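Over in TrEMBL, the protein carries these features:
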| type | residues | note |
| --- | --- | --- |
| ACT_SITE | A:HIS145 | active site, proton acceptor |
| BINDING | A:ASP138, A:GLU210, A:GLU212, A:ASP244 | Ca(2+) binding site |
| BINDING | A:TYR140, A:ARG154, A:GLN251, A:TYR255, A:THR366 | substrate binding site |
| BINDING | A:ASP244, A:LYS264, A:THR268 | Mg(2+) binding site |
| DOMAIN | A:31-130 | domain 'Fumarylacetoacetase N-terminal' |
| DOMAIN | A:137-429 | domain 'Fumarylacetoacetase-like C-terminal' |
There are 2 protein chains.
Amino acid sequence: MALNETHDPALKSWVESANASANAGSDFPVQNLPFAVFRRPREPFRGGVAIGDAIVDLAAVAERGVCEGAAARAAAAAAGDSLNALMALGPATWSALRLALSRALREGSPMREALEPCLVPRAGVAYAVPARIGDYTDFYTSVHHATNIGRQFRPDNPLLPNYKWVPIGYHGRASSIGVSPQAFRRPRGQTMPPGASAPQFGPSQKLDIELELGVFIGRGNALGEPIGIEEAEAHVFGLCLLNDWSARDIQGWEYLPLGPFLSKNFATTISPWIVTLEALAPYRVPFERPEGDPQPLPYLDSEANRQAGSLDVQLQVLLQTPSMREPASICNTSYRHAYWTIAQMVAHHTVNGCNLQPGDLFGTGTLSGPTLDQAGALIELTQGGNQPIQLPDGQTRSWLLDGDAVTIRGWCERPGAARIGFGECVGRVLPAIAA
Amino acid sequence: MALNETHDPALKSWVESANASANAGSDFPVQNLPFAVFRRPREPFRGGVAIGDAIVDLAAVAERGVCEGAAARAAAAAAGDSLNALMALGPATWSALRLALSRALREGSPMREALEPCLVPRAGVAYAVPARIGDYTDFYTSVHHATNIGRQFRPDNPLLPNYKWVPIGYHGRASSIGVSPQAFRRPRGQTMPPGASAPQFGPSQKLDIELELGVFIGRGNALGEPIGIEEAEAHVFGLCLLNDWSARDIQGWEYLPLGPFLSKNFATTISPWIVTLEALAPYRVPFERPEGDPQPLPYLDSEANRQAGSLDVQLQVLLQTPSMREPASICNTSYRHAYWTIAQMVAHHTVNGCNLQPGDLFGTGTLSGPTLDQAGALIELTQGGNQPIQLPDGQTRSWLLDGDAVTIRGWCERPGAARIGFGECVGRVLPAIAA
């Protein structure tokens, strides 16, 4: 998707809090315009677009007739309690709404008077999962994560032979996806301690995080009709932050031969805000394969994907124990290190005819970078729990304890482009249910 | 669930085609009363109950006020284009509707005049997937299937160590579940031929079936609140037939380490009719573990489950190639051979707090019986494709070819109980999409 006037880093908004001069490091300048579903207390949920410390209420935009044409249709489709209808409309319509809001929100816009009554302060609103997620698929696109994990099981041959050919993915659980901030109970389950002859049952003792991005599908495809890689990104609405909480002890005992199940499906937390692919256009980077690695099969390869298939999204994980006054960073990395791109995930998922639907969610898989301090899971950061991480207050953690809170942040910045951000994805561990 | 007057094998209906005397081997006598979502051409989809060659139109029942109280509420909940609202009401309400319909359909019922205008001939109706399936989970409950498959990979140690402790399951794809009769394209994908140095791409050459039962969830549970095994069956609405089509060559290359994905998610076919757990009450059998096998952990064990946790549902798979005049049976078995029960599946799925929702679907996994002619998949029947099955017209099959149709049938019969059936689950293979 090409750059256009909405990406101009010089743009400022009459919503002062959206401007870098007013709010250094703001996630939501006028160049971003991400979508969420929100409400104020005792109001219905509806779609909104973030601008600085405020939200453009799309139900109000639709009701007041602020926009025209495709932008008006987009706002109307986002006026309900999920964004599925908006997602189904496709990129030209999403883009029309983005352009209309960008123009209306700019300093000096003649639309200010019409739009200003549609603004709601962000403080005090609650969010919903922004779409009815029909199916959730989790991928495994970081070769560094796959290698780090594989090394713990197979030191001499960490990476399985299919990894560099197949964008590995599996189906996850949609019902337990919650929006940030989410508190969830530590899961209970079966584990098999080393050397034991029978499994134990109880609360997981190896509760972990997985730093991921979520990818919301826009338009779907009919069953039996694959989406070619050239068209793949036109089916993607946008990205959010995602924490794929994982119980490693349950996972180790259950995962053969059909993959992770109860070790993952007790909770998955996503950020409320979806940053559109159009907003991310300034942060495209080439998709590159290390020297000597196989080139993707033709159905996973395109010139556009090679030129700009990857995205440079900065990612950070922070941990806060109950005794810490503020969260401490435990991982910094970038989405640019992923081995498979979004377009490749879409093309692979549908090449067999599998049908995607508006609101479906992909996870990228844990986004570990090339060095161990860039790892997006405790199992890597602590080398299987053997090297606990040191926290600023002197505590250590091999795995999450009850009361621990984990925050994921994501943002994009580079010279010559406006900084845009994803907000936060926060989750907190509650004690297991009493036996 | 106890036997009651609705199970009396002596009951006859004024719908003549429902009576064994009129229609030997009928699947839908008055003791069955399964649910589907149907329509006649140019009419809206709505819920219905099968009786002989007819369907009780539940939208008409609701509109005409044929029932009262809980039965009326159940009919109203089933008047729309999915059964989710009915499923959410719980077993007391389902049971009230069953009793009301059983009484109204009996020979000599004073309700006949009120109900007769609500009957629609089954011939010529079309069916929909009977619920909006939020999440689909496929289990692996046949130890014979797990052993047969394992033997092809690990002859000396076919069964993995977790099998007899963990009701293994994984998440499947909900969007590509279709209702019988379903025609679907042969999937394309990556495969790695033995000895090759790079994968190939093309139509699957090892297309297989999996004989399963589907289990529709009724009432759900809140995230974080497990369903105990004693309450598990109260959360189950009923069972259907299910064919989990599988591309074995794609599966072999993709499934490590996260499980099957594109090898399964191109199509899953279910029968239109859901037979309720109450209708199946006469076919309860004890859940027994072979001598020497471990007893289930406490969360998977109950007296009721031991006494009557299994179900004796007869199952048959038939194959018809384009040159055959009628389908030929290739497998006969029973659901009674499963290693894990429905109650154990529900208790296991939720023990970590995972939330189920009305309309969720479980697959039992391939229901192979103890002998090889009772195997529910070609990979077992043909020993990995090495011993093709012989068909009556002299053809052989190692795997499915284009144009082949597969029918699954299911029924229950024993002395002293009425025979009830599931109808059919039919699917047909279309050629792969052109390259």
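Glycine residues also receive a Cβ, built from the backbone N, Cα and C atoms like all the rest.
Geometry remark: A:ARG154 (substrate binding site) versus A:THR268 (Mg(2+) binding site), CA distance 28 Å.
Cα distances from A:GLU212 (Ca(2+) binding site) to the binding-site residues A:LYS264, A:THR268, A:THR366 are smallest for A:THR366. Each of the binding-site residues A:GLN251, A:THR268, A:THR366 was scored by other CB atoms within 10 A of its CB, and the lowest score goes to A:GLN251. Neighbours of A:ARG154 (substrate binding site), defined as other CB atoms within 10 A of its CB across all chains, total 11. Annotation for A:TYR140 (substrate binding site): same-chain Cβ neighbours under 8 Å, separated by at least 6 residues, are A:ALA146, A:TYR163, A:PRO167, A:ILE168, A:GLY169, A:TYR170, A:GLY365, A:THR366. Cβ proximity to the Ca(2+) site centre (mean Cβ of A:ASP138, A:GLU210, A:GLU212, A:ASP244, cutoff 8 Å) flags the following additional same-chain residues: A:GLY172, A:LEU211, A:LEU242, A:ASN243, A:SER246, A:LYS264, A:THR268, A:GLY363, A:THR364, A:GLY365, A:THR366.
Across the residues the record lists as binding substrate (A:TYR140, A:ARG154, A:GLN251, A:TYR255, A:THR366), the two Cα atoms farthest apart are 19 Å from each other. The DSSP secondary structure for A:GLU212 (Ca(2+) binding site) is strand. On its own chain, A:TYR255 (substrate binding site) has A:PHE261, A:SER263 as residues at least 6 apart in sequence with a Cβ closer than 8 Å to its own Cβ. Residue counts of the domain 'Fumarylacetoacetase N-terminal' (A:31-130) by helix, strand and coil are 42 helix, 22 strand, 36 coil (DSSP-based). Proximity to chain B (CB-CB distance below 8 Å) holds for A:TYR140 among the binding-site residues A:TYR140, A:GLU210, A:GLU212, A:ASP244, A:THR268, A:THR366. Over all protein chains present, the Cβ of A:GLU212 (Ca(2+) binding site) has 30 other Cβ atoms lying within 10 Å. In this structure the alpha carbons, written CA, of the residue listed as 'active site, proton acceptor' and A:ASP244 (Ca(2+) binding site) are 14 Å apart. Only A:ASP244, from the binding-site residues A:ASP138, A:ASP244, A:GLN251, place their Cα within 10 Å of the Cα belonging to A:THR268 (Mg(2+) binding site). Long-range C-beta contacts of A:LYS264 (Mg(2+) binding site), restricted to its own chain and to partners at least six residues apart, with a cutoff below 8 Å, comprise A:ASP138, A:GLY172, A:ARG173, A:ASP244, A:TRP245, A:SER246, A:ALA247, A:GLN251. Apart from the site residues A:ASP244, A:LYS264, A:THR268, the chain places the Cβ of A:ASP138, A:GLY172, A:ARG173, A:GLU210, A:LEU242, A:ASN243, A:TRP245, A:SER246, A:ASN265, A:ALA267, A:GLY363 no farther than 8 Å from the centroid of the site's Cβ atoms, the recorded Mg(2+) location.
Counted within 10 Å of its Cβ, the other Cβ atoms near A:ASP138 (Ca(2+) binding site) come to 28, all protein chains included.
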